[in-house]
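*Asks:* Sharing a structure below in structure tokens format, with a few things to ask.
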């Protein structure tokens, strides 16, 4: 009995698929009759740039890549409708005509923000998003670029601003550092964006991964910490991460730079012997030969340029072992953009 009910419920879907298949076959036959004897010689060498959410498809004559026509737009064999959205070129008003109107095989309508949209219809709930209704389901893609400008020595505090007369925000470089995170709160990865009311069961599927660079170490010598924000997790939630860092030992800070062939900066120094890392009252179980940033005699400062993060086990008290992320310096760079609040980099 249950099997019979299931078959009866699936019958409308089966009919819908058969109807679309029949229209597709009829369209192929009609296309074969209307196609030119030879393809036009004006096909662009590169695929066309289509509107957000619109695919580039091969025309029905297999000649050129074109932007698929959407519901309500004119269509022909050289300008086909987007079949993946259940659209077909309707020429029922004049079967002998070369053009028609893109129509949708009947499907479930969508209700979005109180407005009813038909299956196959595209719409813009705001200037920032392009959405489409497909058999009762709404999908949206951003129209604005989801790029991320990370802090750099020449742009320590990038932020997005609104441009009069334009929809999408643009990046600018702000020379002022705000807060202990060095302006990270101005980055889009730290801000919550509107979800447009579309429920998503698994947020990681549609998650645009955004991770800022690590901030400068909180101390110019000895063990400090740096932070970053990221949504690299199963829930796509913005979280702040912290790691231990040491730019240089404090006993190296007041050492004059080695004068090598007239150079005024010692970019980096590698520890000669293996040492235990110290963190508050904790000591690393293993020994390491870390690389440190050097110092300059001409007013410039040397800071880490390429780094990576490793997990280090620390012995804090008998029987208590903690695992902490620690910065490992690959290369350092010497520059004039020194932290204003920390003259000890000089």
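We number each residue from 1, going along the chain as drawn.
Backbone N, Cα and C atoms are what each Cβ position is placed from, and that goes for glycine too.
Remember, TrEMBL labels are computer predictions, not curated facts.
In case it helps, TrEMBL gives these features for our protein:
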- 31-105: domain 'IGFBP N-terminal' (DOMAIN)
- 108-174: domain 'VWFC' (DOMAIN)
- 265-339: domain 'CTCK' (DOMAIN)
- 1-31: signal peptide (SIGNAL)
*Asks:* Based on DSSP, tally up the residues of the domain 'IGFBP N-terminal' (31-105) by helix, strand and coil.
*Replies:* 7 helix, 19 strand, 49 coil
*Asks:* Using DSSP, what's the helix, strand and coil tally for the domain 'VWFC' (108-174)?
*Replies:* 0 helix, 35 strand, 32 coil
*Asks:* Limited to the domain 'VWFC' (108-174), I'd like the whole-number average of pLDDT.
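*Replies:* Looking only at the domain 'VWFC' (108-174), pLDDT averages out to 79.
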